[in-house]
Amino acid sequence: MSKKILVLAGDGIGPEIVAEAIKVLDALQAEGAIDVTMEEALVGGAAYDDCGDPLPAATLEAAKASDAVLLGAVGGPKWEPLHFSKRPERGLLGLRAGLGLFANLRPAFLYPQLADASTLKSEVVSGLDIMIVRELTGGIYFGEPRGVETLESGERYGYNTLCYKESEVERICRVAYDIAMKRGKRVCSVDKANVLEVTEMWREVAIETAADYPEIELSHMYVDNASMQLVRAPKQFDVMVTTNMFGDILSDCAAMLTGSIGMLPSASLNAEGQGMYEPIHGSAPDIAGRGIANPLATILSVAMMLRYSLDAGEAADRIEAAVSKVLDQGLRTGDIMSEGMRQVGTAEMGDAVVAALRA
Ligand code: NAD
């Protein structure tokens, strides 16, 4: 049966990079490798401009009715003066909450062709392949109570709450263990169990849940050490699983090990396997409309979508191989350009991936 994809191009470079991802989906569809129907809707600043709401009810309904959502990026200076509740980013948060997307998968994979793009020595990062599994709907970003008050003394007092139910820890650990079973079977759970009681419980639940996965080699690391190890010897990691805030920080660090945020996809999944797929970068207003953005992170997000939500792992493998082939051919967008390579624009890069897929 045909699977439904909701396409949300968003703002800035969003429409440009999503157009290239759609070319790839169309090419796979034309040869019968996948069976999908695509519908488009508005989110972010584009939606605000259209109807005054960064997440119109119709967009959320369409997202709920789809098997997967493909998102470009949202945001831009134009909408920064708006109240928080109307900002483009609220559209993203609303989609995450509305779809119950509790598991954020952020791979940090370095194509060997781009080893020189990293700020780290190429022997430290070449062959890097880490999957960071970040809890996305709990922890300190959502915990109550939260706020800023003025004390009787006149001093301001700000507070947030780090809290997790054990069921929330168990389900994110299961996602990490399931993914590790398809990779190197090693999981490092990152916490701050020496200081924070809630993450001491996190560690206990990680261990208890691992009893169902006898083949998984589970290790634990404090977050301060994990951040150090990520830049010291990142290849020691296979899958990392951690809280919302620790994952937010560590995944950005891991992303930069690879040199360009224009290359990295992400997935956010709910309990039913429904997911939202997007590049990790933002809407890059500084280069929007110039046809120079790197579409590969979005194209690789399509590969994740096919693998994790649409049960089309073979097509996903082919997209990843096509991207590798295009890099072998020496084609580079400006963000990953290096000496001796041929610089291409967004559309030419997308066309090259499609040609490599067909070859
Ligand atoms: P950004 O990721 O948009 O850009 C950072 C830098 O990377 C810029 O120099 C940009 O030109 C470059 N870059 C990003 N993607 C690129 C690509 N595909 N190809 C080539 N170069 C690329 O981050 P920012 O500038 O901090 O944020 C810009 C806007 O994006 C803000 O409004 C922010 O809120 C929003 N944002 C959205 C998301 C999202 O939609 N998920 C994520 C992060 C930021």
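Cβ from N, Cα, C; glycine included.
Automated prediction, rather than curation, is the source of TrEMBL annotations.
Annotated in TrEMBL:
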DOMAIN    4-353  domain 'Isopropylmalate dehydrogenase-like'
BINDING   76-89, 282-294  NAD(+) binding site
BINDING   R96, R106, R134, D224  substrate binding site
SITE      Y141  site 'Important for catalysis'
SITE      K192  site 'Important for catalysis'
BINDING   D224, D248, D252  Mg(2+) binding site
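All features noted in TrEMBL, drawn onto the structure.
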{"residue": "E80", "record": "NAD(+) binding site", "contacts (Cβ under 8 Å, 6+ apart)": "R87"}
{"residue": "P88", "record": "NAD(+) binding site", "contacts (Cβ under 8 Å, 6+ apart)": "G10, D11, V43, G44, G45, A47, Y48, P54, V74, G75, G76, W79, S283"}
{"residue": "R96", "record": "substrate binding site", "contacts (Cβ under 8 Å, 6+ apart)": "L136, T137, S268, M276"}
{"residue": "R106", "record": "substrate binding site", "contacts (Cβ under 8 Å, 6+ apart)": "M131, I132, V133, R134, G247, S251, A254, A255, L264, S266, I280"}
{"residue": "Y141", "record": "site 'Important for catalysis'", "contacts (Cβ under 8 Å, 6+ apart)": "N244, M245, D248"}
{"residue": "K192", "record": "site 'Important for catalysis'", "contacts (Cβ under 8 Å, 6+ apart)": "T199, Y222, V223, D224, F246"}
{"residue": "A284", "record": "NAD(+) binding site", "contacts (Cβ under 8 Å, 6+ apart)": "G12, I13, A73, A293"}
{"residue": "A288", "record": "NAD(+) binding site", "contacts (Cβ under 8 Å, 6+ apart)": "D11, G12, I13, E16, G76"}
{"residue": "I292", "record": "NAD(+) binding site", "contacts (Cβ under 8 Å, 6+ apart)": "T333, G334, G345, T346"}
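Ligand 1 lies under 6 Å from the Cβ of the following binding-site residues, listed in sequence order from G76, R96, A288: G76. In this structure, the CA atom of D252 (Mg(2+) binding site) is 23 Å away from the CA atom of F84 (NAD(+) binding site). Figure note: comparing Cβ neighbours within 10 Å for the binding-site residues D224, D248, D252, the maximum is reached by D248. Sorting the binding-site residues G76, F84, R134 by the number of other Cβ atoms within 10 Å puts R134 first.
In three-state terms derived from DSSP, R134 (substrate binding site) belongs to an extended strand segment.
Residues R96, R106, R134, D224, recorded as contacting substrate, have a largest CA-CA distance of 28 Å. Under the three-state DSSP scheme, E80 (NAD(+) binding site) falls in the coil class.
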